[in-house]
């Protein structure tokens with residue numbers, strides 16, 4: 001890989017080292033943990049739109065969709081048990097994220113990834129063999145445990161391994177893996193839906209074992225991060241690993257910063273209690289609000305229920321699944337844009353531009369659905385109108401994919417000092433999973449009651465979160481992860497919470513973020 005230096009310690013000099021092939025490879029392997037999350041997000045919506053699946057497990061929904069022509073278009077898929085199939089996974093992921101925080105801190109990031117992969121594999125097998133709703137839900141709960149462990153450990157791993165200059169690009173590899181998983185699921189659903197014998201849904205669910213196996217195998221070969229090794233009391237081993245990932249023996253400056261952060265972390269016996277202290281108020285607020293805002297954009301309406309939503313809007317079975325494939329392709333391509341942009345233009349500009357773009361698209365989608373279906377849910381869309389709505393949804397997905405999608409995972413993982421990092425990430429994951437659960441469990445019911453106004457509901461929240469980013473999120477690009485307090489100290493609002501002794505040195509922030 002190309003050589004070079006990256007922004008260094010508080011003395012103003014640069015850390016020695018270069019972007020090595022080794023660190024790129026390990027980060028790409030670790031990012032595969034996002035595949036299990038993405039595959040499961042994408043697979044549930046396609047499966048729940050398959051008639052063979054609905055007839056076997058949710059016959060009342062099948063009846064409303066195919067036989068009850070008096071039913072409002074908005075309410076055809078309104079079923080708490082159907083929504084529980086989608087949402088139960090995220091409830092167990094929420095609980096698992098707290099246990100995985102302890103595992104990640106005590107045993108290292110790679111052990112947490114391995115544990116998540118094994119449990120996810122068990123869930124995939126159970127779902128593929130499901131004979132009743134109870135087996136489906138139990139399998140989904142196991143999948144959720146796996147996702148809770150992966151989402152806790154992978155973003156931290158990527159942030160700790162990556163040099164500051166390309167931390168955004170490497171960390172966004174996790175979101176890229178999520179989008180690839182969603183696209184793969186959409187393509188598989190499109191293929192398995194054509195199996196006439198009616199068992200295509202089993203193949204879709206069972207193939208979740210493939211990304212699980214990839215994650216399990218990958219975690220065996222991954223080294224642990226220098227931060228994690230140092231945290232567990234092996235300074236010489238940590239220094240050797242740092243030398244290996246930086247491609248140079250001269251890592252003393254960076255290692256001393258890591259050691260200083262580790263010494264501070266050792267004084268913290270109760271990270272869950274300490275993260276509530278005023279000095280960590282910026283990190284606590286961001287680790288709560290960023291994942292909350294990420295979910296309240298409404299993106300998982302598209303991720304979970306795209307085929308169902310497109311069928312609701314009058315698309316045929318094939319057209320609804322193919323439309324989900326199209327949005328999946330847009331998601332992957334535009335996430336690649338964020339890999340290029342996050343470390344060049346910064347986090348804030350992507351958040352702000354993406355928010356404005358999403359607001360416009362959601363308002364227009366609401367208007368188009370309202371004009372064609374009104375409040376009673378009776379009507380239809382012409383081909384050209386349906387294609388225009390699909391275009392608007394794709395533009396909306398694009399905005400999310402280069403802003404709130406990847407940055408919603410990147411920013412919380414890079415802002416916490418080592419002493420509260422596992423706790424902060426656990427909060428990030430648990431808040432994300434809780435609101436993902438709510439969206440999965442209640443979206444179809446909300447669609448039934450709010451009708452086209454549901455899209456205006458999400459647009460209103462995007463307005464609020466865009467304003468929040470403008471005023472309360474400082475730029476973090478190019479800032480070494482152990483020096484992030486310098487950013488908070490300089491912020492107009494958060495600075496009063498950061499004591500002077502929490503800032504390592506006093507490096508010029510303009511130099512850091514240049």
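Keep in mind that glycine also has a Cβ here, set from the backbone N, Cα and C atoms.
Since this is a predicted model, take the numbers as computed values, not measurements.
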Quick check on the annotations: TrEMBL lists transmembrane segment for one of 261-283, 284-306. Which range is it? 284-306
The residue range that TrEMBL labels transmembrane segment, out of 19-39, 40-60, is 19-39
What residues in the same chain, six or more past the boundaries of the transmembrane segment (284-306), come closer than 8 Å to it by Cβ-Cβ distance? 41-42, 44-45, 48, 77, 86, 182, 186, 275-276, 320, 323-324, 327, 358, 362, 393, 396-397, 400, 404-405, 408, 411-412, 415-416, 424-425, 427-429, 431-432, 435-436, 438-440, 443-444, 455, 458, 461-462, 464-465, 468, 472-473
Taking 3+ C-beta pairs under 8 angstroms (sequence gap of 6 or more) as contact, is the transmembrane segment (349-373) in contact with the transmembrane segment (385-405)? yes
